[in-house]
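The disulfide bond annotation in TrEMBL covers 74-106. What TrEMBL lists as alpha-D-glucoside binding site is 78, 80, 97, 104, 287. The region 'Disordered' annotation in TrEMBL covers 187-236, 321-372. What TrEMBL records for 213-222, 321-370 is compositional bias 'Basic and acidic residues'.
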């Protein structure tokens, strides 16, 4: 078993990435084992060499936590596992990897959870549309890959997806395919219901009128047959009329169901019993771009024991999640109160400036009118009471 990839965090000094910085996080004056990205609009790349891990005939468990403390606009929060030799000084986006796993967010449209596996030198993303968490709290992502090529994806110790490498990645051709040459047999009866051949139309059915005179209608007292013509009651729908006659529908005794194209073994499929096997893992890396920095990576774990991985989550994230949530909610209250206070100050300042501008304008108007009447020699109108009304 390979424990935490804590070579990523051993030093307390600032760790430089290619453009930005990855720093050791401090809490309450004490150094804790986590990494935080900063400043904004940077590319971050850091890696650590770990004891070699092979998942041949073993379960692979990859797990870590990520917290987007910032209001991330566009950026990644995933990790990479590398095999073979890696020049760590040149580690970056072009460095080959065996597995890439974790969230990637951009705007309101992209909330993707990457799960990319390398097979024979080519990268294959999972076909499912996996969604990541987007709030500002810590979340734990766990990927479990078993020797039978089945997998599970957990978020915060709860299974969110499961399946098989055979079906959820386009690595190998499918085992079975639809027979494109198949045709529906001529004698295939896919009519579920048919007309009853024994049903006979009742005698006189066609003579039933669609409308009949209204039996409740009465000739008006003022009606004059000589002047108004012969009175006839209005027509109403005939309740005995059932429309054009049709045979009853019955179950088709020869019904075989809807015909479907049959599945056949794919002649191009060639099984690989080592499909699940990654090249021996030797490095763990973080290689991301972020518009707004502030993401916190922690508790990276690579092992072969899902139960142990679950225990790690219970001992770390689970113990702190409620306290973290309460602290976040309290911080949000403080932030909103501060924003409201600043907004109120801004409103008051704006109102004060408007009042000052109005006072200055009235003073200018008063002087202008005084000058106007002074030129006209109308001094009788220059008393202050008069101009205070201007």
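Cβ from N, Cα, C; glycine included.
Structure coloured by features recorded in TrEMBL.
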residue : record                         : DSSP (3 states)
74      : disulfide bond                 : strand
80      : alpha-D-glucoside binding site : strand
97      : alpha-D-glucoside binding site : coil
104     : alpha-D-glucoside binding site : strand
287     : alpha-D-glucoside binding site : strand
Legend entry - Cβ atoms near residue 287 (alpha-D-glucoside binding site) (within 10 Å, other residues, all chains): 23
Inset, instruction - Name the one residue among 78, 80, 97, 287 whose Cα is closest in three-dimensional space to that of residue 106 (disulfide bond); these are the binding-site residues. - result: 78
Inset, instruction - Give the residue counts of the compositional bias 'Basic and acidic residues' (213-222) per reduced DSSP state, in the order helix, strand, coil. - result: 0 helix, 1 strand, 9 coil
Legend entry - Sorted by sequence, non-78, 80, 97, 104, 287 residues with Cβ within 8 Å of centre, alpha-D-glucoside: 76, 79, 100, 101, 102, 114, 116, 285, 286, 288
Inset, instruction - Measure from the Cα of residue 74 (disulfide bond) to the Cα of every one of the binding-site residues 80, 97, 104, 287, then give the nearest. - result: 104
Legend entry - Cβ-Cβ neighbours of residue 74 (disulfide bond) (radius 10 Å): 14
